[in-house]
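Here's the structure we're looking at; comments come further down.
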């Protein structure tokens, strides 16, 4: 901006330095005109008008472009004694630059600009209501700038054009690094319909750092602590979207609470291993796999913690109520009659079986009795033939035989005395 600049609701006017006197040498003045959405700009020049004439206006000249940038389509270059005719833009921006060299100055110019309805929207009734104010502010060590915030906060209505600005404030004495996480323009390479612009320091057009309207968006490093991001999308480009990460950084050498990114950046230590790449290269997230996995309590979300807390509280209350009821309830005395104790059955179960014990002496007596029995049997065998022969001649043979038989029977069945020196053991108690 050079010299006077007047703005009104319907337009304004501006002029070359010292107008209507001679403009000074070695001047370069840039004027940016911006109309409301669905409007265009008309530019007219007052008299007197004089800019040093030259072939193709190579020396002193006035350059007008159809758009907001110095690379916007060129309308024409003007110089000489005759003022230019009416100039109209095809959009809502116009870029104008006045240049003078070292010699042959003139009176210069004074231009007036006004806004007219865009004929592309005449079927909608001419100039519509301007787009509502759509601005956001972010600050801190890092954060996310996202276009979805426009619809979430109801800044624009469905089917309405988007013209929103995000202002970013870095931490003290820091600069800003911007990296696109998501970017898509519905109408690629049509900057009049949709674009994302980044400014360094303020939203003035001379502070424009980058403008993206194609299929690719690159990272941007700002040299100040204030960044401005602007998104424009007309009614037919509502599907255009972007998501951008901003990170505050300082230049090396890094202090104790900062981390060196190996790319001339020092970021806050809190941004290291946070799951997001804040450095230009992923140095801050490279060695995070070795970190210990989060424990069970760290994995429990806030909702899970609330549910567990409520359940535990209910169980504790029920337990306390149960204890109080048991304490206050009177105890009932119950007399239980015990059955009579069966001593006999108990003794039969636990008493060991009775065993007859004998000694070596008893074994000797048994052996003697067996020898005596064998001798008696042999004696009877010897007596049997002699007795039979005698019974033939003896009239008392039958009685004798019976007596002998009886005596032999008595002898075989005779009970010999048996001595047992061991008494029967007492039963176990």
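Indices start at 1 and increase along the chain as displayed.
Glycine is no exception: its Cβ is also placed from the backbone N, Cα and C atoms.
A TrEMBL annotation is a machine prediction, not a hand-curated record.
In TrEMBL, the annotation transmembrane segment applies to 307-325, one of the ranges 307-325, 326-344, 345-363, 364-382. By neighbour count, meaning other C-beta atoms within 10 Å, the densest spot among the disulfide-bonded residues 29, 261 is 261.
Here the domain 'CUB' (134-249) has, by DSSP, the following mix of helix, strand and coil residues: 11 helix, 59 strand, 46 coil.
The disulfide-bonded residues listed here are 2, 254, 273, 279, 288; among them, 279 has the most other Cβ atoms within 10 Å of its own Cβ.
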